[in-house]
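Per TrEMBL, the features are as follows:
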- 49-74: transmembrane segment (TRANSMEM)
- 51-123: repeat 'Solcar' (REPEAT)
- 95-114: transmembrane segment (TRANSMEM)
- 132-214: repeat 'Solcar' (REPEAT)
- 134-153: transmembrane segment (TRANSMEM)
- 223-309: repeat 'Solcar' (REPEAT)
Amino acid sequence: MDPQTLSSSVSTSHTISPDGLNHKKCNLLKEENRLLDSVLLKEENPFDFFRVFCESIIAGATAGVFVEAALYPIDTVKTRLQAVRGGGKVVLKGLYSGLGGNLAGVLPASAIFLGVYEPAKQKLLKALPENLSAFAHLTAGALGGAASSLVRVPTEVVKQRMQTGQFASAPAAVRLIVAKEGFRGLYAGYGSFLLRDLPFDAIQFCIYEQLRIGYKLAAQRDLNDPENAIIGAVAGAITGTVTNPLDVIKTRLMVQGSSKQYKGILDCVRTIMREEGTHAFLKGIGPRVLWIGIGGSIFFGVLEKTKQMLAKKRPENHKSFYLKQE
């Protein structure tokens, strides 16, 4: 074979047709886009569990302490109204009785609640279709309530015993309750607490989150502080009204102490209905709705403001993700 023929043969064997070249370029572009998308997705969706958890416990603890300190007297009146049997009188002295000990329990309880709620909510919102966001909020609220109940129940027992004048201080209350009733005494009414607080937490946070979503869609902007507070008040008032009968049962079981007037939830319900009538389940509803309505306003207002302040300290690549989850 002569050199010219050989050269022509080699050249022909290494020549790529225009169609083949375009196909190769297309594949390279697809691969490049795929890699770019994966990098961008990673940057836009960093689920930093530790960061979410830390920010949530700080925001939760701050909001919980604010609302408890501001509205403790109303809660005391509500508790005394629910605890009194028949035509007994309600004492209006010592409305701040037990506040210090209660704050010591509210701070970690609120921190635990939000520390569970926020990560669970974000995980569920990512995993579920958009039309099931309410289910994500309900589930996350119930999970947060269950986790925080381990701290909230002893805190509530001590608080309500002091509010009804059974003890003068939180340390004395804890010591005497354990001495007379055992460690289980600190968890008196635990079942009724879960019966009230799991639906309460789930419903309140679901209503709040759904109202925020609807308002943001209608307004086409982020909510300001007064709007967050108003929505929190509405969510709290609705939930407080719906769950008041459960709160009466919980209060009666928690404050009965070693006297054991009621043998359990069902016995408590039957006894109240037999001795006082069904209207007794609405006892304290006025102060409760007022307390939880104003409390929801303060809690969610402080919560959102604290979250905004913490968000300013995040790295830039984290901010867009968290804003999407709000």
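Placement of Cβ uses the backbone N, Cα and C atoms for every residue, glycine included.
Using a Cβ-Cβ cut-off under 8 Å and counting only residues 6 or more beyond its ends in the same chain, the transmembrane segment (95-114) has close neighbours at 56-61, 63-65, 68-69, 72-73, 76-77, 144-145, 147-148, 150-152, 154-156, 158-159, 161-163, 165, 167, 169-171, 173, 201, 303. Helix, strand and coil residue tallies for the repeat 'Solcar' (51-123), in that order: 58 helix, 0 strand, 15 coil [DSSP]. Here the repeat 'Solcar' (223-309) has, by DSSP, the following mix of helix, strand and coil residues: 74 helix, 0 strand, 13 coil.
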